[in-house]
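According to TrEMBL, the protein has these features:
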- 1-21: region 'Disordered' (REGION)
- 21-96: domain 'Cytochrome b5 heme-binding' (DOMAIN)
- 124-145: transmembrane segment (TRANSMEM)
- 151-176: transmembrane segment (TRANSMEM)
- 264-287: transmembrane segment (TRANSMEM)
- 299-316: transmembrane segment (TRANSMEM)
- 323-342: transmembrane segment (TRANSMEM)
Amino acid sequence: MAPNGQAVSYEGNGESKKPSFMSINSEELRKHDKVGDLWISIEGKVYDVTDWLTKHPGGENALKSLAGQDVTDAFLAFHPGTAWSLLPQFQIGVLTDYEVSPIQADYRKLLTDLKRAGLYKNPLHVYGQYLAVMIPMFVLCVLGVVYSPGFWIHIGCGVLMGFFWIQAGFMGHDIAHSGMFKTGIDKYLKLSIGCFTGIGMQWWRNNHNAHHYSCNCVDYDPDIQYMPLFAITPKFFASLYSNFYERKMDFDAAARFLVSYQHYTFYIVMALARINLYAQTLIVAFTRKMPFSTRAWELGALAFYWSWFSLLLSCLPNNYHRLAFVLSAFATTGIQHVQFVLNHFSSPVYEGRPESKTWFESQVRGSLNISSSPWTDWFHGGLNFQIDHHVFPTLPRHNLRKVAPFVKPLCDKYDLPYESVSWWEANLRVLRTLKAAAMEARDISKPAPSLSKSLIWEAANARG
């Protein structure tokens with residue numbers, strides 16, 4: 001029996017039997033697009049991955065967002081060659097109307113060319129360079145906290161800790177996407193990142209992979225679902241259902257009030273956003289289904305982090321210094337949170353299930369590059385080449401600048417916007433996007449649930 005109870009017959013003379021698979025068209029494939037009945041196709045072969053959903057290394061949401069479709073481009077973009085050996089056990093049929101569009105053919109050819117050119121190789125000396133920056137920052141921070149009584153020195157130490165967290169986060173991003181050793185060691189390196197950042201890789205895996213598979217989709221992409229704090233498009237005013245969080249994103253009176261002033265609160269929220277990452281990490285670590293060994297490793301890493309961080313804080317002379325240190329560290333990591341949203345907040349969004357057949361187009365349209373000099377690549381952590389990272393997510397970040405000259409012509413060929421703007425222009429675009437949605441939210445002719453009960457809203461808008 002094939003997965004999910006589908007029978008597979010065999011033909012042959014008894015010496016070399018070959019399975020005879022069902023013939024399935026795209027219309028039939030689309031019917032199997034839900035938990036409990038989940039099919040996909042890759043290069044014209046149909047697979048029943050219903051029972052694989054909870055075991056998928058990239059998380060459940062990656063499969064759920066593209067269920068019932070041909071996912072060839074996404075599979076090629078994210079998976080190593082070894083993943084092909086896992087597929088035969090899930091095959092139940094062949095896709096009778098499988099076609100490859102010109103843009104898909106060009107994208108796959110470029111992907112193959114980049115691999116043949118060796119651009120997917122990940123030399124370890126590059127990470128040695130990153131560590132050569134990170135370790136001194138951490139050491140100076142600790143020395144300043146332990147040996148100096150100065151208040152401003154401690155604020156400076158908080159800034160150093162913030163930049164250390166930023167760079168450690170970028171390294172974790174690299175390891176999780178492309179691996180460092182390309183062996184099982186990478187799994188433990190991913191989990192160990194929590195020892196130094198307090199951010200768990202299990203949370204990251206579920207959240208970040210879902211973002212990649214559904215870039216700028218208001219229904220599926222968690223990286224643009226920030227209700228009630230932010231709404232980057234009036235589409236969120238319809239109280240959409242989040243397929244990632246599996247709940248309704250209510251645009252109620254409180255959300256209307258917060259969104260109406262989001263262009264003023266944006267940088268304040270970004271400065272404190274790390275608190276939310278800690279909370280999300282702990283929620284996932286304690287409540288999400290995962291193997292016992294994975295949970296133990298994750299919780300162990302987090303326990304180690306909070307132990308050394310608490311010990312470091314105890315070395316400060318009083319709570320006033322401790323608060324200043326923590327706030328300066330959090331505010332510094334706010335730079336990274338701003339970087340995260342610059343790449344997507346001002347780009348076009350769409351509703352509905354992501355379409356795998358337009359994989360390349362949706363990744364390009366939903367992303368924005370930041371123009372920068374090569375010497376600042378360490379600061380941006382590869383986020384300055386977000387378009388290139390999204391179309392080739394497992395490409396090591398130190399090669400993104402080399403790949404960009406090949407991605408842009410492909411975009412030009414198919415009239416796709418390969419946009420690259422300055423850091424300041426990207427910030428302005430985000431603020432304009434937030435302000436435009438805020439002005440829409442203030443339109444009380446479009447009532448929100450329980451609006452009449454909101455004294456906060458009425459008082460805030462009594463000035464006319």
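Backbone N, Cα and C define each Cβ position, glycine as well.
All annotation found in TrEMBL is predicted automatically rather than curated by experts.
Sequence-distant contacts of the transmembrane segment (323-342), counting only residues of its own chain at least 6 positions beyond either end whose CB sits under 8 Å from a CB of the stretch, comprise 145, 151, 154-159, 161-163, 165-166, 169, 223, 267, 270-275, 313, 316, 368, 370, 380-381, 383, 423, 426-427, 429-430. Residues 127, 130, 133-134, 137-138, 140-142, 144-145, 186, 189-190, 193, 196-197, 199, 201, 204-205, 208, 274, 316, 320-321, 324-333, 335-336, 378, 381-382, 396-397 of the same chain lie 6 or more positions beyond the ends of the transmembrane segment (151-176) yet place their CB under 8 Å from a CB of it. Helix, strand and coil counts from DSSP across the domain 'Cytochrome b5 heme-binding' (21-96) read 33 helix, 21 strand, 22 coil. Counting same-chain residues at least six beyond the ends of the transmembrane segment (124-145), those with a Cβ under 8 angstroms from any Cβ of the stretch are 153-154, 156-158, 160-161, 163-164, 167-168, 170-171, 174, 180-181, 312, 315-316, 325, 378, 396, 398. Across the domain 'Cytochrome b5 heme-binding' (21-96), the prediction's mean pLDDT works out to 94.
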